[in-house]
Structures are given as C-alpha cells and as structure tokens.
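If you check TrEMBL, you get these features:
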type	residues	note
BINDING	A:K7, A:F8, A:G9, A:G10, A:T173, A:D174, A:Y179, A:R184, A:K209, A:V210	ATP binding site
BINDING	A:T47, A:E74	substrate binding site
DOMAIN	A:264-348	domain 'ACT'
Number of protein chains: 2
Amino acid sequence: MARIVMKFGGTSVGDIDRIKNVARRVKAEVEAGNEVAVVVSAMSGETNKLVDFCRQIAPLHDAREYDAVVSTGEQVTIGLLALALQEAGVNARSWMGWQLPIRTDGAHSKARITTIETDTIIERMSQGQVAVVAGFQGLGPDNRVTTLGRGGSDTSAVALAAALKADICDIYTDVDGVYTTDPRIVSKARKLDKITYEEMLESASLGAKVLQVRSVEMAMKHNVRVQVRSSFSDAPGTLICDEDEIVEKELVSGIAYSRDEAKITLVKVADRPGVAASIFGPLTDANVNVDMIVQNVSHGGGATDLTFTVTKTDLERAVQVLTDAKETLGYQELVADSNVVKVSVIGVGMRSHAGVAQTMFQALSAKGINIQVISTSEIKVSVLIAEEYTELAIRALHTAYGMDAA
Amino acid sequence: MARIVMKFGGTSVGDIDRIKNVARRVKAEVEAGNEVAVVVSAMSGETNKLVDFCRQIAPLHDAREYDAVVSTGEQVTIGLLALALQEAGVNARSWMGWQLPIRTDGAHSKARITTIETDTIIERMSQGQVAVVAGFQGLGPDNRVTTLGRGGSDTSAVALAAALKADICDIYTDVDGVYTTDPRIVSKARKLDKITYEEMLESASLGAKVLQVRSVEMAMKHNVRVQVRSSFSDAPGTLICDEDEIVEKELVSGIAYSRDEAKITLVKVADRPGVAASIFGPLTDANVNVDMIVQNVSHGGGATDLTFTVTKTDLERAVQVLTDAKETLGYQELVADSNVVKVSVIGVGMRSHAGVAQTMFQALSAKGINIQVISTSEIKVSVLIAEEYTELAIRALHTAYGMDAA
C-alpha cells in the first residue's frame, strides 16, 4: 500500500469521456490498495476562454477578479471527476483551494503556495475516500481565491504530495515521459527511465514543456518523487528523483534547445570597471532578463565587444532601452539578431567527467556549425548558434553522446 | 441617496458587450449617489451546459458535487462584472457565496438561504464600493457550496435586499415588467405600474415566468419592494409591493393561465366518509400534487363522481397509482384528459367586491366556452376549460374586466 498523488492535465480531462477514463485509472489505484489524492486542471481550452473574457473587458485587469474568473475551470473538473468516481463505485469528494485550504501568498495570478492543511483528507483517505483537489488555485491572505500562474496545477500536485508525504506524485499528461531530446527532431530519441531534479530543472527552463519549472524546484526541495507518464497508456513513464536513486548515471541525459532567444552585441564598449553594471542596470529596470553574457577580448584603445542574449519577446524593449542610453554607455554600434537558437547538453555526470564540452564543440565543428556564444554551469553546456542549424546540431549531438536508440 | 440591489439575469450578462452594458447601468446608479449591490446570474446557456455535464456523467448525481460544478457560472460573471465596473471607473469587488457568506441550509441543489452577513459590504458600500454578489449560490452547514434551484438568483437578490434593508430590489430581465396578461395572446395587454405580492405570487405559481416564486414569497415576508424592469431600456418597470402602497387598486390585476394541467375523473366512486382520503393518500405517497378538486352531486345508489387536476408530467404516474388501487377504491371508471387549460382571474380587489366570478362565467358563456372545473381563493377565480379555447377565453376575459389598453 502506498499513498499517491495523481495529477491530470487539461487534455486528460478534455471531455466527459476522458474524465470517465481518468476515473477508471484512479479506481485501479484505489483497488490496488493505495490511498489516493487526485489533482486536476481545467478542461482543455477552458482557461484560455476565461482569460480571453478578462482581456476583452480589461487589458490591465485586477488580478483578484481575474483569479475569481479563471479558477472556475478547475472547480468544474473536480466536481465532474468526483461524480465520475462515485458513478464507478469509488468513494470520492471534491476540494476547492479554499476548502482544504491550500494557502498561498497574496501575489494574485502568480501566487506561491505557503501551506496545505491535510489533516482532514489524510483521515478520509485512510478510510478509502479519494480526495479530488482543484489544481492551479489557492486561498490568499485576503480570503480571496488566488491562482498560481499557467501550468500551476503541476505545482499544486507536487506541493500536495509534499504535504501528504506521498510515496509518489504521478503527473499524467499527453506525452509518455521525458526524452533524451525532442522526438520530433530526433526520431531515435529515447525515453529516460529516470532523470535527476537538477537535470529536469535545466531541461524545463530551457523549454522542454513537460512540467512547470516551479513544480520541479518544489519537488527537489521537498524530495518528492515525480513520475511523468501518459494518461492514454499504461506504460511506465520517467521518474524524476534524487541523484542517489539513480545507480547508473549517464554522462549526458539530454539535449535541450530554446528558440526563444535573441542576441544583442554592443560593439566597442569602453573597457573599464563598472561598464557591465551601467549596461545591465537599465535592462533590469525595464524588466528584461539577460541570459548568456560574453565579453570579448579588448580591441585596441580600451574598447571591447559585449554580447548577451534576451528572450525574443524582450528584444524590442532591450534595444529601445540601450538605444536611449547610447550617449551614457558610449558604445559604437548595437547589433541585434533574433535568428539564433540555444542548444544545451545536460547531465549530472559531467560534474565528475571532463571532456563533455569538448565533445560538443567537436561535433558541431564537424558539421561546420559556428558557435556564437558559450555558457556553462555545473551540469550543462549551452551554445548559441544560427537558428537554421537547430535540427542538424541536435541530431549531431544526440549521436555524439551515444544517445541514439538502437 | 438610496441603498439599492440590482439583479441581472443570464440574458442580461449573456456576452462581454452585455456585461459592459450592465456596468454602465450600475455606474449610472452609483453616480446618482446610491449605494449599490449587484446580484448576477451565469451567462445564458452556461448553467444548462454544466447541468448537462453532470447528467452525462451520473444521471443520479451527488448534489454536493453538482453544486460545486454548476455554481461556477455565477463565479465567472461576478469577476467579469467587477472588472467591467473597474474599467468604467467604478470601485467594485466580487463576492462568492462562501465569502460573504450567504449561509443556507444543507439541502444541496435546492437550498434555502438562512442568513447573509452584510457588515463588511455595508461598510464598503458606504465608502462607494459596489458589491458584486454571485446569485444562485450559498455556503451550506458542511462548508460546501450550495445552490438554490433554477431561477435562484432572484431569491438571492431579494434575500440580499432584505438583509441590507435596501430601499428597492431592481430585477433587470428581458421583459419590461408584469403585464395584465400574456402580450403574445392579447395585443392590448397593459404593463402594470404596481402589483401586490399576493397577486404576483398567484401569477408566478400559475406560470407567469417573470420571477421565481420563492423570491416573491421572500419579498412579501420581509416587505422588500421589488421592481421588474428591462435591462435593455430605461422605461420604469412594474413595482411589486405591499397592498398599502397601491392607492388605486384595480378589481382585477391580471389574467393568468397554465397549460401544464391534466384532469382526472373517477366515475361512480362510493360516496362515503373517508373516500377522498383513500384516493389522495396514495397520490401523495407517489409525490403527485393535486390541485383543483371537485366532487359532484351524488348519483343514485351512494355513488359520486370525483374530478381533480394534476400537472401534465404527473398524469401518467397518477393514472398508474389509481389503476393499481382500483379494487380498493371501488370506482367504476377512470377518465383522464390532458387537453385542458387553467385560466385564472387575479386581483386583491375581489376581496371587497362581489360579482367578479359572475363576470367571468358570463364572459366565457357568451363565447360558448364550457367550464369543467371551478376553484376559488380569496384573490383568484380559476376555471378549467378545453385547451382549444385558451386564447379566446383570455381575450374575452381581458375585455370583460375592462383591462384592454386604449
């Protein structure tokens, strides 16, 4: 017997038949003798519809009213799933965020969970009742409904699993696990049996949209074992867990990429102390996040080139800010380029193994791909390359690290 | 300055433009210096969709989960209306049933309001904030969401007006008031300026679908002045109020009708004490409501004919129950007829004036319409006639009581 949290996303509860299908999966876990809590998202499309209603009325809306509106999608699905479970002969009841309650801070529309009161549902789960809990929502300090930001139901599920000290948190979705890379690009991509929290965090923040980043951070912090698996098959998925639980660590676990990058180069910036601060200060003030930063070797005459990346959506704003400050910053020219992609090799194994970056550089060089910017962390090497080489680079790296499926 | 409750039904908040229109009407009342609370229904069609979801999953559903699902429609509209008011420059916030709270009994899906806590919103209303309150929903003793039954938002509005001691409760709807009779039948039907609670109750229970019956009962009990008016025009509507507030009472205020009637006659029932009880007992047990009852003069031989009406939906069940009990009841024959209509003349004036019924009988007789059953109350005379005469009878009565518009 185990205590488990099952989470189903919008596609998995997209219509009445699928909700009945979810009920069957939950019933199977109950019949296997497990204590079960279920977290559900809104039916696919519903949240978008509600967000759109709010935007049509007020582009800059009161986040507290927005939360009241958009949280209704999950309220519908918990009620319907509880009914479907009862109809299947399973004891179940729905819980809205304010009923448990799931307490959050007061940052409406992007709230963070602070505590979840679980005494009541733990007692009921021990008596065989399934707790069907609304994802994405909570109760703020103002006694009003809060929401956690898009994809927040993943975080609800992991937070509930942490509060319940659950043995596992199964995230059911429309993919069957985490892959070594995007299977649409590399047909020989392999599903991973296990991946560490750190690797998943790097993958998630790089755009592998399987899980909300915050849910992985929370899983890591509370050591919640999370399994990503398909709601439409019984195949095991990918377990996201602590490094200690992975006996055979692979050197590299995956190749991630992000197209949401743009590069800015400031040509001939004065090469003196404090210049970086004077450039990035105004960007921070304008809410522009800067990612990779490279400062080239000095030109003659005390000048240097500075290159960095921002997200594509921030590019226009960043260029505006830097152009406005051209006099103060004293650079010669600004070059912006949004035809770039960031490709990253991720693996906890590289902490203890040299040569991972070298393999990457050689593989790209062999295909004639020029590296524009490089950045590294303990478990990741990222390069910025021209966007047209995206698929070629990913395939070359997948092969170079011996990750192709047999 | 007045304190007012404004209620808008599903058609009035049916899309984003209409919600903005509601915001304009509310803004006008605020700018006129009034303290305003608004009660809204779900966008038209939404509640039906949610009810249908529940039915698809479980025909006999847990009413607590049903309530969690169907109450979301109003939660959406309060948030959207609060946003629209803010966008129009009006201070506003939404309140769900559990937030005020609006407490109800535990009869899920048909709950009754017990108390409404208003201290907080009264304080905020006095500071110029509009309270946007979800209709149809409340908080049960089990700390779960309850709903009040279809049309319950009218009751929410009247109950809120009573709790707030509001000067008036304006019910905005898609008709512009209460008419002397159905304008689709009588083109000369007149809109009434005022009507008493008692008359409105008789009209409502007879099928004039302007207001939920329970809301009128509640208005009468707490002496809440209710005005029915159009959300699409500025014309004054019909005030539903105490008899004392109506100086010029009309003898007859309206002609109502109900097609949802069926007649059953038991031929040659034994004419002895207790026979009525032995007939209607089994019907009550089978949850069949009996309305008009007439016992004819005895035939010879200690037998009598008994005629009564039930709703059309109950007819089949009633016939079954009586057929099963034929031996016990000892009647000779059962005759059922669903081609009947009940036409009623309503008016508090008839309490003090004789001859109202006589005028009715003469008017019908002059058109050759046969009266099958008659029943009377203090302020109403009802007759059952063949359905094919419905329009003819209503027009004749409307003219006979001098109600035709000039």
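Here the Cβ of each residue, glycine as well, is placed from N, Cα and C on the backbone.
When the binding-site residues A:K7, A:G9, A:T173, A:Y179, A:K209 are ranked by how far their Cα is from the Cα of A:T47 (substrate binding site), A:G9 comes first.
Cβ neighbours of A:K7 (ATP binding site) (same chain, under 8 Å, six or more residues apart in sequence): A:V38, A:V39, A:V40, A:G135, A:S153, A:D154, A:S156, A:A157, A:C169, A:D170, A:I171, A:Y172.
According to DSSP, A:Y179 (ATP binding site) is assigned to a strand segment. The Cβ neighbour count for A:T173 (ATP binding site), using a 10 Å radius and every protein chain shown, is 23. On a Cα basis, A:E74 (substrate binding site) lies 21 Å away from A:K209 (ATP binding site). Classification of A:T47 (substrate binding site) by DSSP places it within a helix. Taking Cβ-Cβ distances under 8 Å and a sequence separation of 6 or more, the neighbours of A:Y179 (ATP binding site) in its chain are A:A189, A:R190, A:K191, A:L192, A:G254. Counting residues per DSSP class in helix, strand and coil order gives 29 helix, 36 strand, 20 coil for the domain 'ACT' (A:264-348). In this structure, the C-alpha atom of A:G9 (ATP binding site) lies 10 angstrom from that of A:E74 (substrate binding site). Averaged across the domain 'ACT' (A:264-348), pLDDT for the predicted model comes to 88.
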